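Below is one structure, written out as structure tokens, with a few remarks after it.
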Amino acid sequence: MTQTIPSPKPWSINKPTALLVLANGTVIEGKGAGATGFAEAEICFNTAMTGYEEILTDPSYKKQIVNFTFPHIGNVGTNSEDIEDLIPLNCHGAVGAIFKADITHPSNYRANENLNQWLKKRKIIALCGIDTRALTVLIREKGALNGIIAHDPNGNFDINTLKKRAQKWTGLVNLDLAQEVTSKQSMKWNEKPWVWNKGYKTNNDASNFHIVAIDYGIKRNILRLIAAHSAHITIVPANTNIEEILAMNPDGVFLSNGPGDPAATANYAVPTIQALIDSNIPLFGICLGHQLLALAVGAKTIKMHQGHHGANHPVKDFITGKVEIVSMNHGFTVDTTSLPQHVEETHISLFDNSNCGLRIIGKPVFSVQHHPEASPGPQDSHYLFQRFFNLIMDYKKTA
């Protein structure tokens, strides 16, 4: 069914300057902000009330448009410290953003640029002034939607062409997006977490551990929390082979988050991960890294109905018996029924009982679906980094 949804009356305008055109033919009108042009992508909703800059720069959102359920986005502006993609000039992250209210002038002591100008520099197209919660309900009922977001300050759109492009885009399934966002060469990292009124600290102390981080679309705050454990980090591209990694003599290996279909990335990632498992080097994965680890042990991943995106998701850790509130950002999940006997499920989502963690019995190997580094979000799961380093210390004693 084709329909056009005008912007609600409080934000109504004479001529829309931005559109969201869904693959089913629905056209949603509003005001444009940020970059001009158009972009095809999957539309998801995020329920976080803060951290829009971190969300929009997370490489895991590659080829996605983020619909924010919180109405006021942009109030605190933007700054150079809250960006999450490894190389900001590459602008890896969301291609579009949807807000209920217009972007206002920022009010925050850390702000050095307003959101509208920042979106232009990041080449992110924004749609403002629509009923974002109605769109959220649509996604919840119909599942993740494919569509196209378009912005023209003059309001000139060829809607038929936009509809055809939206219908032609096939979605995230079978897309290996890690190759598009990964670093192109190895690099070092020594920045530690942010300190109030002091910014980010550099790890100049003598390092006790060497961690190799495989970059499938890694977030900066993950690296900072690893560096906080007296570790120096070597970041390597997603397709780095096992011989190159072992030659670096790591004390532990980290499998990062990232975008796209894990089954597509698995073609080159799984053989390396399987060899790492056999090496008995401690291994820790987050998000896409978790899914790739599951594929490496013979499990399967599946596309979710709507995915999990937000900073308020309850997860249970079966090891501690505790419930944690965590940040999540994924559209694929591990099929629990496909886990082999030597792999134990360690975490589940209390929203839908989907898998959120696993470990290999008898191996120093584990992973989680959620984001313990948060950024944005709660810090309930920070202990997982210590769990990783506990395994590393045990490994070094016997190595």
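Using N, Cα and C of the backbone, Cβ positions are placed for all residues, glycine too.
Annotated in Swiss-Prot:
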ACT_SITE  Cys287  active site, nucleophile
ACT_SITE  His371  active site
ACT_SITE  Glu373  active site
BINDING   Ser60, Gly258, Gly260, Leu288, Gln291, Asn329, Gly331, Phe332  L-glutamine binding site
DOMAIN    210-398  domain 'Glutamine amidotransferase type-1'
REGION    1-206  region 'CPSase'
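Where Swiss-Prot records a feature, it is marked here on the structure.
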residue	record	CB count, 10 Å
Ser60	L-glutamine binding site	30
Gly258	L-glutamine binding site	33
Gly260	L-glutamine binding site	26
Cys287	active site, nucleophile	29
Leu288	L-glutamine binding site	32
Gln291	L-glutamine binding site	31
Gly331	L-glutamine binding site	23
Phe332	L-glutamine binding site	20
His371	active site	25
Glu373	active site	24
Checklist entry - In the same chain, outside Ser60, Gly258, Gly260, Leu288, Gln291, Asn329, Gly331, Phe332, whose C-beta lies within 8 angstroms of the Cβ mean position for the L-glutamine site? => result Gly217, Asn257, Pro259, Pro262, Cys287, His330
Next on the checklist: Looking at the domain 'Glutamine amidotransferase type-1' (210-398) alone, can you tell me the average pLDDT?
Outcome noted: 98
Next on the checklist: Are there recorded positions among Ser60, Gly260, Glu373 that sit within 10 Å of Cys287 (active site, nucleophile), Cα to Cα? If so, list them; otherwise say none.
Outcome noted: Ser60
Next on the checklist: Neighbour count, 10 Å Cβ-Cβ cut-off, for Asn329 (L-glutamine binding site): what number do you get?
Outcome noted: 28
Checklist entry - In Å, how long is the longest CA to CA span across Ser60, Gly258, Gly260, Leu288, Gln291, Asn329, Gly331, Phe332, which the record gives as the L-glutamine binders? => result 13
Checklist outcome for this item: In the three-state DSSP scheme, Gln291 (L-glutamine binding site) belongs to helix
Next on the checklist: Can you tell me whether DSSP puts Gly260 (L-glutamine binding site) in helix, strand or coil?
Outcome noted: coil
Next on the checklist: DSSP secondary structure for Asn329 (L-glutamine binding site), reduced to helix/strand/coil, please.
Outcome noted: strand
Item to check | Spatial separation of His371 (active site) from Gln291 (L-glutamine binding site) - C-alpha basis, Å | outcome: 13
Checklist outcome for this item: CA pair Gly260 (L-glutamine binding site) / Glu373 (active site), Å rounded to integer, equals 20
Checklist entry - Asn329 (L-glutamine binding site) to His371 (active site): how many Å between their Cα atoms? => result 8
Checklist entry - Roughly how many Å separate the Cα of Phe332 (L-glutamine binding site) from that of His371 (active site), to the nearest whole number? => result 14
Next on the checklist: Going by DSSP, is Glu373 (active site) sitting in a helix, a strand, or coil?
Outcome noted: coil
